[in-house]
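**Student:** Shown below is the structure under consideration.
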Amino acid sequence: MLLLHQFTYFIVIFGYIETGKCSGSKTMITNNGLNDVYGKNPGLKSRITSNGLNYANKVAMDALTANIRTFIVPDQHGDSSGVQYDLTNLRVTGFTEPQSSISFLPGGLKWTANGAGVSMHGNYRYKIHKKWLPTIRGSGTFDISVFGLDFSINMVFGVDVNGRPTIEARGCSCGIYRVKIKFHGGWAWLYNLFSRILESKVRKILMHKICDIVTKQINEDMEKKLASLPVTTILGERFLLDYRLLQIPDFHSSYMETFHKGEIYWFGDEREAPLDPPTMADIGDTQKMMYFWISDYMFNTLGYAAQMHDYLIRNITAADLPPDQRGILNTTCTSFLCFGNLIPQLQKIFPNNTVELNLFSGSPPTMIISPGQLTVGCSGKIMLYARQKDNSLAYVMTTVATMETSVNVSVSNELVHGEINDITLLLNVTDSAVGPINSMFLQVLTNSVIRAVLIPKINEFGKKGFPLPVTGKIRFINTSLRLLQNSMVIETDLNYTS
Ligand SMILES: *[C@@H]1O[C@H](CO)[C@@H](O)[C@H](O)[C@H]1NC(C)=O
Ligand SMILES: *[C@@H]1O[C@H](CO)[C@@H](O)[C@H](O)[C@H]1NC(C)=O
Ligand SMILES: *[C@@H]1O[C@H](CO)[C@@H](O)[C@H](O)[C@H]1NC(C)=O
Ligand SMILES: *[C@@H]1O[C@H](CO)[C@@H](O)[C@H](O)[C@H]1NC(C)=O
Ligand SMILES: *[C@@H]1O[C@H](CO)[C@@H](O)[C@H](O)[C@H]1NC(C)=O
Ligand SMILES: *[C@@H]1O[C@H](CO)[C@@H](O)[C@H](O)[C@H]1NC(C)=O
């Protein structure tokens with residue numbers, strides 16, 4: 001999804017390699033008219049560099065060379081100045097790969113290809129019906145070769161009202177050094193005498209036609225594909241990431257940048273979070289093929305949506321812990337890390353019971369990224385109950401808690417990994433049904449419980465990683481991640497395998 005736009009910019013240029021396949025099955029389009037966001041900072045940004053374009057160009061040329069012989073060339077039928085003709089069963093028999101390059105222009109990209117050659121074989125049939133002559137017919141096969149085809153076209157990108165990219169072809173030019181035609185069968189020897197005249201005519205027609213076809217492909221077919229690109233994607237069933245373009249991509253001499261909304265909504269309730277995307281720190285690098293900026297704003301809108309929809313209310317019971325750690329929730333203890341030790345009154349009042357925790361987030365969790373550091377903070381209330389033998393719940397106490405963690409993030413393959421580096425938990429008991437509880441003591445012990453139980457569990461999850469949205473055929477190589485002010489930057493080279 002994120003990469004989808006960038007990926008499309010790449011492939012759109014060369015005609016459809018994989019366009020149909022790059023939208024994930026879970027992606028969907030919404031047209032909820034959230035267009036009041038223009039003028040805000042982006043939550044996501046991407047940079048594609050010259051190295052990226054060169055690679056895309058190479059991939060496209062390799063694909064073209066590999067596939068050109070299987071291209072289906074449509075039959076051609078025509079009727080001009082009394083000559084009716086049909087060209088059928090056209091197929092490509094040879095191809096000379098051009099010197100090709102893609103470069104940045106103000107507002108778009110320029111694709112130049114020089115020295116292409118292509119040969120085709122096909123059947124012809126014609127009928128000449130001039131008024132003062134008897135009808136003449138003929139048929140056979142022919143070979144046509146085009147040499148020294150030079151081609152150049154500019155593609156200008158924009159953005160539509162739904163935040164999807166638009167594309168427009170401008171300034172197509174095409175030159176052909178020579179066309180050679182050879183007929184076989186029937187009166188072929190006769191036609192071949194005149195093929196020179198035909199060749200120069202076909203050369204002129206082709207030069208116009210190629211530009212017409214390519215311009216039409218870009219302005220109609222590719223434009224249509226871009227207009228149906230998804231700009232949102234569902235995350236984890238409950239959330240929706242909106243990555244529509246906020247503005248026209250920016251083109252510089254050695255890179256282009258795209259600016260995306262990068263807000264996460266509750267799926268089904270796409271209300272704007274009352275948060276302002278901060279300005280993300282910039283880096284001037286253009287060595288890698290691609291760069292992605294992800295703002296802490298994206299996480300914070302996720303936190304906001306989760307908080308507003310009571311997603312951050314959780315009950316923890318023995319069943320939520322691995323079997324060998326369930327004893328922690330016991331009121332009668334056989335080991336040190338155990339609630340009966342945290343709150344000694346429990347051993348007397350609720351012996352041989354287990355406790356359950358109800359956690360309520362009090363405000364949306366927040367992420368702050370600063371150079372080299374990522375911290376996540378949350379605060380809320382924890383209510384403790386004892387599950388008694390008759391299965392009833394007895395209220396024990398309430399504590400308010402604030403927690404701050406610093407997280408080490410890294411990226412490998414196409415996954416972002418997180419590891420909790422440090423955690424600080426502050427607890428204040430605000431209410432108790434079992435007499436005074438020492439907050440300090442509770443805090444120290446709770447900290448050990450968190451370190452023993454919670455952190456390994458979260459880290460296990462973080463080790464699996466959060467997948468970056470790339471298609472199966474794109475691999476990240478030489479990937480690294482940097483933490484800057486208010487954003488993380490993923491910088492990477494790409495490897496495409498077909
Ligand atoms: C948590 O448990 C309480 C009872 O202790 C119950 O009322 C509540 O619905 C539970 N909440 C969730 C999210 O399961
Ligand atoms: C916790 O209590 C249950 C029964 O309430 C008991 O079976 C289990 O052994 C206890 N675990 C520990 C570690 O004390
Ligand atoms: C708690 O369980 C232990 C071992 O099963 C038992 O000896 C003890 O009597 C129980 N205490 C109460 C109050 O049920
Ligand atoms: C706990 O109470 C102390 C003193 O009243 C206060 O300074 C601290 O901020 C409180 N901590 C939390 C987590 O509410
Ligand atoms: C996090 O990174 C710091 C600095 O690189 C390192 O000292 C620390 O061990 C890392 N923590 C974890 C849990 O890997
Ligand atoms: C990875 O980086 C090295 C060193 O910059 C470079 O030589 C290599 O081509 C890069 N790999 C890819 C797949 O771009």
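Cβ from N, Cα, C; glycine included.
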**Student:** With reference to TrEMBL, specify which of the listed residues C22, C211 is paired with C172 by a disulfide.
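**Tutor:** Between C172 and one of C22, C211, TrEMBL records a disulfide, namely with C211.
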**Student:** Can you check which residues sit near C211 (disulfide bond), meaning Cβ under 8 Å from its Cβ, same chain, 6 or more apart in sequence, and list them in order?
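**Tutor:** Within the chain, C211 (disulfide bond) has Cβ neighbours under 8 Å at I153, C172, S173, C174.
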**Student:** Would you mind giving the whole-number mean pLDDT across the domain 'Lipid-binding serum glycoprotein N-terminal' (47-269)?
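**Tutor:** That region's mean pLDDT is 90.
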**Student:** Three states by DSSP: which one describes C211 (disulfide bond)?
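**Tutor:** Once the DSSP labels are grouped into three classes, C211 (disulfide bond) ends up as helix.
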**Student:** Count the Cβ atoms, other than its own, that fall within 10 Å of the Cβ of C172 (disulfide bond), considering every protein chain shown.
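**Tutor:** A count of 18.
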